[in-house]
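Reading through the structure tokens given below for one structure.
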Amino acid sequence: MLIKRALTALVLAPIAITGILLLNETWFSAALGLILIIASWEYCRLVSITSPTNKAIFTIAILALAFVFSKNTALLAPLLFLALTWWFVALYWVIKYPDSHASVSKNIYTSVINGLFLFVPMAASLIILQSQNSSLVLFLLALIWAADIGAYFSGRQFGNKKLCPEVSPNKTLAGLYGGVLLAQAVALCYVFIVVQAPNLKDFLVFSILALVVSLVSVLGDLFESLLKRISGYKDSGDILPGHGGLLDRIDSLTSSAPIFLLFLVFVL
């Protein structure tokens with residue numbers, strides 16, 4: 001399984017990096033739209049939206065809203081703060097599971113609203129970031145990947161105390177700490193390479209950003225795990241060997257992208 005995961009990552013990472021750096025905003029948005037189509041259908045599978053018509057309407061709504069919010073800067077702040085609020089609600093659901101089961105999957109309307117908050121802020125944030133400076137998207141991905149890799153290896157080596165056993169039995173506190181530490185190392189490298197004549201404030205701000213992103217990325221992962229627990233599925237799909245579905249690969253990004261952009265807009 002580890003070999004499959006590594007091989008898939010080795011194939012996907014260069015494609016993602018090349019696309020982020022070389023594609024213009026239009027083609028980047030189109031590529032992201034394709035990812036959203038696949039991921040939204042996988043989400044529908046997890047929340048039992050089975051009607052092809054409902055799936056299509058849901059997916060079109062995501063694409064349309066992501067486009068509108070990415071093109072209208074006046075709507076950016078409300079979107080990001082709404083996303084932040086919704087992720088606090090998601091955190092509550094994760095902490096309270098299984099008692100929160102009924103609230104998460106109450107009906108199709110709840111599932112649709114949750115899905116919109118899951119995908120639209122992420123997509124709009126990525127389009128805005130890529131249009132402003134593609135290196136910011138790479139930095140975000142590097143933080144997420146570092147948090148994931150650090151969590152995997154430190155969790156395997158030192159993990160015994162579970163982080164959220166009811167939702168994701170394999171996640172440990174040691175893994176969380178390892179992910180945060182490796183993300184800090186990535187942020188440190190970013191400051192040295194990108195920021196001209198960095199000072200103590202630069203290191204502090206980017207260290208806080210790395211801490212926030214690494215923690216929030218775990219929440220995105222946990223929320224998708226919560227959906228899989230409720231639905232009874234092990235993975236969101238099987239499109240990626242060793243990784244499961246596409247949603248399984250971008251779950252951390254759903255939470256991290258809007259919070260990352262929110263931090264850049266209102267702190268940096």
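Using the three backbone atoms N, Cα and C, a Cβ is placed for every residue, glycine included.
TrEMBL annotations: computationally assigned, not manually curated.
If you check TrEMBL, you get these features:
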{"type": "TRANSMEM", "residues": "53-69", "note": "transmembrane segment"}
{"type": "TRANSMEM", "residues": "75-95", "note": "transmembrane segment"}
{"type": "TRANSMEM", "residues": "107-129", "note": "transmembrane segment"}
{"type": "TRANSMEM", "residues": "135-153", "note": "transmembrane segment"}
{"type": "TRANSMEM", "residues": "174-197", "note": "transmembrane segment"}
{"type": "TRANSMEM", "residues": "203-223", "note": "transmembrane segment"}
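Comparing 75-95, 135-153, 174-197 for CB pairs under 8 angstroms to the transmembrane segment (53-69), the maximum falls on 75-95.
Counting only same-chain residues 6+ beyond the ends of the transmembrane segment (135-153), those with a CB under 8 A from a CB of the stretch are 13, 16-17, 20-21, 126, 129, 171, 175-176, 178-183, 185-187, 190, 194, 209-210, 213-214, 217-218, 252-253, 256-257, 260, 264. Outside the transmembrane segment (203-223) by six or more residues, the chain places 87, 90-91, 93-94, 118, 140, 143-144, 146-148, 151, 163-164, 167-168, 171, 176, 179-180, 183-184, 186-188, 190-191, 195, 251-256, 259-260, 263, 267-268 with a CB less than 8 A from a CB of the stretch. Under 8 Å from some Cβ of the transmembrane segment (75-95) lie the Cβ atoms of residues 68-69, 103-104, 114, 117, 120-121, 124-125, 128, 164, 167, 216, 219, 222-223, 226, 255, 258-259, 261-262, 265, all in the same chain and six or more residues away from its ends.
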